[in-house]
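Visitor: What Swiss-Prot records for LYS14, ASP140 is active site, and it gives sequence analysis as the kind of evidence. Feature annotation from Swiss-Prot assigns ATP binding site to PRO98, HIS99, GLY100, ALA101, GLY102, LEU103, GLY104, GLY105, GLY106, SER107, SER108; the stated evidence is sequence analysis.
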Amino acid sequence: MMEPAPLIYAAPAKLNLTLRVVGRRADGYHLLETVMAYFPLQDTLQFSLDRGGGIHLSCEPAVTASVADNLVYRAAERLKTGFGVEQGVAIQLRKQIPHGAGLGGGSSDCATTLLALNRLWGLQLSAAELAEIGLGLGADVPIFLYQRAALAQGIGERLSPMPALPAWHLVVVNPGVALSTVAVFKAHAAQVGGCYTPPGAAQAWLDGGIQHAHQLHNDLQQAAVQLCPQVGSVLEALLEQGADGVCMSGSGTTCFGVFDDEVNAVNAAQTLRQNNAQWLVIEGKMLHTHPCLGQF
């Protein structure tokens, strides 16, 4: 029997255009209101059937952490054991999204794995079933399963489609250092002393969208700068290059600047690369939909 051709999919980065921490649950999870869109920095995953029934994951570049702790492996294992799948899978993961950068790379890889294996193994799980499984693996996983720019509320499980987003040109910068999400939220909690941002901005975002650079905001940004001054340096450098607005994504350390003009964005990115060899600098347009929308 001829083996089916491998499935190859992209796993894009996400950017938080706004992020407000509006509370904390008794179990320690923080409640958020955040608008997320995609950006064309992406990992690539290849999936091939394994008739032996095993789950095999290889990563490029190689990682030192246990493969069993990788969200890709955990997603495959969750589907295989949860639904009695006899077939296995060989997964090749090529990483481009930095770790600990606030871009959701691990969550994106996880979501792509759930979507791909739902097809490869013929599970025919619904979007709601996949979202429930994804949320159990990570709070950011559902937004990547949703495959559209969205407002996320709660711990990330309540998703609403966003109106059309501006055709901004972005310069996305990672300073080459990582931050612990737990550490950033802990520092933020110490700064606000339990007085979280009042909820309520979400409806305005849904009604009017995110149209202006001054709407960019991240409640975690101050805490991240305190823990990692390089974040502040990146934000300042983007403003110096003429960005109309700047913001940190997620819990950091990646930041981005928005530009109305593509030429200005390209020039800014080039200057930042020349002046900061250790920074990852990428210019591109914000994406309203997942690059693999309709392929699953």
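In case you wondered, yes, glycine gets a Cβ from its N, Cα and C as well.
These numbers come from a predicted model, not from an experiment.
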Visitor: Given the binding-site residues PRO98, GLY104, GLY106, SER108, which lie within 10 A of ASP140 (active site) by CA-CA distance?
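Guide: Of PRO98, GLY104, GLY106, SER108, within range: GLY104, GLY106, SER108.
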Visitor: Reported as an integer number of Å, what is the Cα distance between GLY104 (ATP binding site) and LYS14 (active site)?
Guide: 6
Visitor: So of all those binding-site residues, PRO98, GLY100, GLY102, GLY106, which one's Cα sits nearest to LYS14 (active site)?
Guide: GLY102
Visitor: Any idea what DSSP makes of LYS14 (active site), helix, strand or coil?
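Guide: Looking at the DSSP assignment, LYS14 (active site) belongs to a strand.
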Visitor: Cβ within 8 Å of the ATP site's Cβ centroid: which residues qualify beyond PRO98, HIS99, GLY100, ALA101, GLY102, LEU103, GLY104, GLY105, GLY106, SER107, SER108?
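Guide: The surrounding set, listed in chain order, is ALA13, ILE97, GLY250.
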Visitor: Can you give me the same-chain residues 6 or more apart in sequence from GLY100 (ATP binding site) with a CB-CB distance under 8 Å?
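Guide: When sequence neighbours closer than 6 are ignored, GLY100 (ATP binding site) has ALA178, LEU179, SER180, THR181, THR253 within Cβ distance under 8 Å.
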Visitor: Under 8 Å between C-beta atoms and at least six apart in sequence, can you list the same-chain neighbours of GLY106 (ATP binding site), or say none if there are none?
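Guide: Spatial neighbours, sequence-distant, of GLY106 (ATP binding site): ASN70, LEU71, HIS99, GLY138.
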